[in-house]
Every structure is written in C-alpha cells, then in structure tokens.
Amino acid sequence: MIGGDKERKLSGFLLALLPSFLHHLVVDVPHKPTRVSPTAWLDGARGWAAFFVLLRHFEFCYHRKGLISYGTVKDPEHPNENHHLLQLPILRLLYSGEAMVAIFFVISGYALSLKALKLIRKNSYEQLMRTLASSILRRPLRLYLPCIASTLIVFFALRIGIYDGPNSIAGPEDVFRSIFLGWAHDPQPRILPTFWEQARDWTHETVQLFDIFTHKHWPDSRYDVHLWTIPQEFRCSYVLFLTIAGLALVRTRVRMFLLAVFVACAFQADAWELSAFWSGALIAEANIIHQEKKDSRVNVDPFSDEDEPRSQMTAWCTYSAFALSLFLLSYPSQEAKFAPGYSTLYKLVP
C-alpha cells in the first residue's frame, strides 16, 4: 500500500507528465484567465517546425523523391518520374526539414534580439547590457544541457544492451536503400568493449559539439547526429549579441541598413545560418516599429473609412509576401537546376 503523502506525490508527478491542456480531463482544475505573451506565437511556430522535421527524419529513410520538386525532368527518357502530389511547392513543406531549420534560426534571431532592441529604442543602455550579459551566460546552458542529457540516455542505452538487438539484424546500408529507396540511413553509435572506453568516446563526441569557430565545419555527435544545429545556434547567438551591442548607439535606419548588409554578405559568403539570425533581428526591429505606429494611433476614428484602401493594400501585400515566402521555402534540396519555377533561382545562388 502506498501512503497518502507518497500517493499524492506520485499523482502530482504523473500529472506533471501530462500536457497541461489535458489536465481538466483528469482533475478539476479551476479556470484561470491566462495572460498570453506577445511572443507566444513563436512557441507555436517552433512546435510546427519541429513536427515537420520529425516527419522529414522518417521520410528521408524510406523515400528519395522528397528532395526533388514536382515536374523535375533530369532524364528525358523518364519525363514523368517526379509527378508525386507531395512534391508540389508548399505541400512539400510538410516534410521539408531543411526549410524548417532555416525557420528555427530566423525565430531564434527574432526572439534573442527582441527585448534588447526594445531597450535600445528606449535608450535603456544599462538595462541593455544587463540583458545581453544574462543572455550570454544562459545561452550555452539552455542549448547544451539538453544535448548532454539526451546523449547520456543513448550512452546508457548502449551499455545496457538496448542497441544489441537492432544491430544484430541490421543489414548492409546499400541493401536497406535498395529496399526502401531512401537517401539516408542514420549511423548508429559504436558499441565499445568497456564502460570507460564508451565514456571516453562519449566525452570526445560531446566536446565536438562545442566547436563553434568555423561555419565550414558542422560538428555533430555519433550519439545523436541531429544535434549538428546546436553549435550553429550557439555561434550565431553570440555573433548576434555582439552585433546588437555594436549597433546599439546608431540610429534605427542605420542599424536596419547595416543588418540588411550583413544578411547579404552572409549569403554571399555561404554563411546562411548567420544570415538567418540577422534576418530575425531585422524582422524584430521592423515589428517593433510597426507596433509603435499602431499604438500611437489612439485618436483615429474607428468608424472612419479613410484608411480602408490602405488597409486592404497592406493585407494583400502581406498575403502575397507570405505566399512568396512559402514558395521560396519549398526550394528543392536536389536537382533544383531542372525544377520548374526554381531553375532561375538556381542560377542566382552564390
């Protein structure tokens, strides 16, 4: 029998594992008005992007057509080879992991710079330095502690034999690809004879994740090869903090112009990850300006039709830009040179 106190603790622990929006199905939760953060939509965007990346990780093992856009004809003898519905632009974003990673980086640039830019616009430079110092100290902890925990789980799973069964029945990679027609087969971490050899190997792989000194080398870990984005997040975050500090005293127009120049230069240098972070900061500043203008219009007659044409034009421009962005995000990872709608863009890639 479990005592009352232990039973309550166990119930509380199990309840904590349940998503919050399902709590009312298990216990009577008093309704409390929730205050939604102005940046709550970023969490939703991250969630959807993470889900689409998950789909990608399963899809690319079993089907190679996901990297190629609809209607691509590389071999004239097979003109109808790429006519799958899910290869269409925008639809292919449902499993396009590359596009989602770019979105992750833009969101990170936006979220990391938003508060700092607001403080700059208020001339609160002392608070700005406190904010940047706090972000610089907390960023590696927020990025790397989950990675260390997740790879340690894999480490102990190796040592207790969870990987022994799958490895014993796994065939050669070329046979796997011939059956499932995939283009990637995630490498498995090697199982070493002793615990200490395995620990040294895990330590070596974990240290590699802290290599942030070049964008030409993308370190990962054999204990989770999908962690290759973490060193880039770390490096780009610090570059962004330095950029914000360096541009804090210049005028808004100059700061936005220089950020746009940085984005263009990063693209030219094949440092797309940096361009994504700087783009996020540029969008954050533009959004702050838009919100300030919106808040300043407190004396406008709500029943006036004076601004209706302008509002409609703004809406159409917004929807058009959104549709164009989805099309650009659908840029195929392979054979873009032969893809309808993307062959011209291919020629413009630096």
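Positions of Cβ are set from backbone N, Cα and C atoms, glycine also.
Bear in mind that TrEMBL entries carry predicted annotations, made automatically and left uncurated.
The transmembrane segment annotation in TrEMBL falls on one of the ranges 99-120, 253-274, namely 99-120.
Within its own chain, the transmembrane segment (99-120) has Cβ neighbours under 8 Å at 39, 42, 45-46, 49-50, 52-53, 56, 93, 127-128, 131-132, 135, 229, 232-233, 236-237, 240-241, 244, 248, 272-273, 276-281, 283-285, 287-288, 329-331, counting only residues six or more beyond its boundaries.
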